[in-house]
Each structure stands twice: as C-alpha cells, then as structure tokens.
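Take a look at the structure below.
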Amino acid sequence: MVEIFARDLRMGESARWRDGRFWMCDWLAGEVLSFASDGERTVEARFSGLPASIDWLPDGRRVLTTPDGVLVDGEAYADGGFNEVVVDRWGRCWVDMPGSMPWEERRPGVVAVVHPDGATEVVDDDVWFPNGMAIIDETTLVVAESHADRLTAWTIGPDGRATDRRTWAALPEGSAPDGICADASGAVWFASVPLQACVRVASGGAELERVEVDRGAFSCVLGGDDGHTLYVVANRYGQEGASDGVVLTERVSVPAAGPG
C-alpha cells in the first residue's frame, strides 16, 4: 500500500538513498534535503536555479549539479549546467542536459562525462530529453529518454568512454520516463509524470511491477533498512507547472542493487 512519507514540498526531484537516509532536491525551494526514517528533514544545502541533482563521489563528497556548473561539497568542480548526475565506481560523473524544455520545439540533448580532473566531455549529442540516469553492474549506463519513450544504454569503463549505444528498453508511447533507479536483479524502475506511476521493467521493456500514485511521479529510488522500499517523489503537474510535492513509499519485491 502506498504511504505518505513527507509532505509540504514545492517540487521534488532527484531521489537518492545514502547512509540510511532518503535524499532529494526541492527545485522550487532551492534545497537539498535529507530525511531520517521517521520523516524528520534536514536542509543539507541550498542552490539557485534549475535544474539540480545530487550524487556522491567514491570518497563520500557530495556532487550537486546546478545551472552554473557542478559543485563538490559546495566548491566549483566543473563548468556547465546539467540536469541529472550519476557517479561511477571510478569517480566519474555522468551527466545529461535536454536540448529543449517541454514547452519548446523538441531538440536533442546531450550525455556527457565529467572526469576526476573536472574536464567535461560530451559522449552523445543525439539524446531526446535525457533525464534519469542509473548504472547497472558498474559498466552499463542507462539514461531515460523522455521524448523517445525509451531507456538507452551505453557500456562504460575505467577509461571514461561510453560505447555500444543501444536501446535497453522500448516503452509504451506516452511513458515519458523521468527519474530511474536499478534494483538487485538488474531491472530498472522509471518514474512517469503522465502515467502517474513508477514502473519496473526488464531489459527489452517487459513490465514486471507497477506502483500507481495520485500525481505525476518525477523520481524514484530504492532504500530503507532492507532496500525493499521504493521512495517516489511526486508532484501535481499542469499548465502552471509543478506543485504540492510529496514523497510516497511502497514495499516492493526486489531490493536495491547495493548498500546506499
């Protein structure tokens, strides 16, 4: 049964699980938030402008993408504004940025990599509204293409190259995958605003599980003490934008891919 974990958010995004706490960005409040298991929240950082996303380097430093660049523990790390970020085992930050906003004429966006020295390299510039990102088995980068209704994958390695681009999962028309996360089986959960749901799919696109919510699902992550809790960041979304954000939870069948 879906339960409310947190209320009174303006526009939640970038769901993460780290060190026994649920983390997220409230885009319109300009806050990075973390939550204890009882829902008590802490403002961990503040930012201005959109979009913003978080992850952590292998040494534990927090990465925050902002419109002005990539910050590590609040210090400038790399230039360029990016939407999402996921960090690989070698400390590289994989980032993306749409080429157009939802209300504009559609143009392809980019997937890029920020190397440990801060240098940024575009690895693909034909990605249709790149959105949520996840890494499976340390070597498969998966990116949600919201405007193409698919999850796209690349093989990555210690050299920072992304090769063998392929469709990881073709999704039904109108799915518009947003935030994603992987589980221990190698399946991927994707959040969908138009479906008002989070859907778990296998490689190839077969639907395995679904959690329906009462508003647009923007991002999701697996966490909790045993990794079986799906946290869903959801907002009402219409012509005036996003509002009335909540974090919802549901117990699911397969746990997170690894410790958070």
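Placed from the backbone N, Cα and C atoms, the Cβ positions cover glycine too.
The structure displayed is predicted, hence computed values, not measured ones.
In TrEMBL this protein carries:
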ACT_SITE  Asp178  active site, proton donor/acceptor
BINDING   Asn83  substrate binding site
BINDING   Asn131, Asp178  divalent metal cation binding site
DOMAIN    12-234  domain 'SMP-30/Gluconolactonase/LRE-like region'
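On the structure: features taken from TrEMBL.
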residue : record                             : DSSP (3 states)
Asn83   : substrate binding site             : coil
Asn131  : divalent metal cation binding site : strand
Asp178  : active site, proton donor/acceptor : strand
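Looking at Asn83, Asn131, the binding-site residues in this record, the fewest other C-beta atoms within 10 angstroms of the C-beta turn up around Asn83.
When the Cα atoms are compared, Asn131 (divalent metal cation binding site) and Asn83 (substrate binding site) turn out to be 7 Å apart. The distance from the Cα of Asn83 (substrate binding site) to the Cα of Asp178 (active site, proton donor/acceptor) comes to 11 Å.
Its Cβ taken as reference, Asp178 (active site, proton donor/acceptor) is surrounded by 25 other Cβ atoms within 10 Å in the chains shown.
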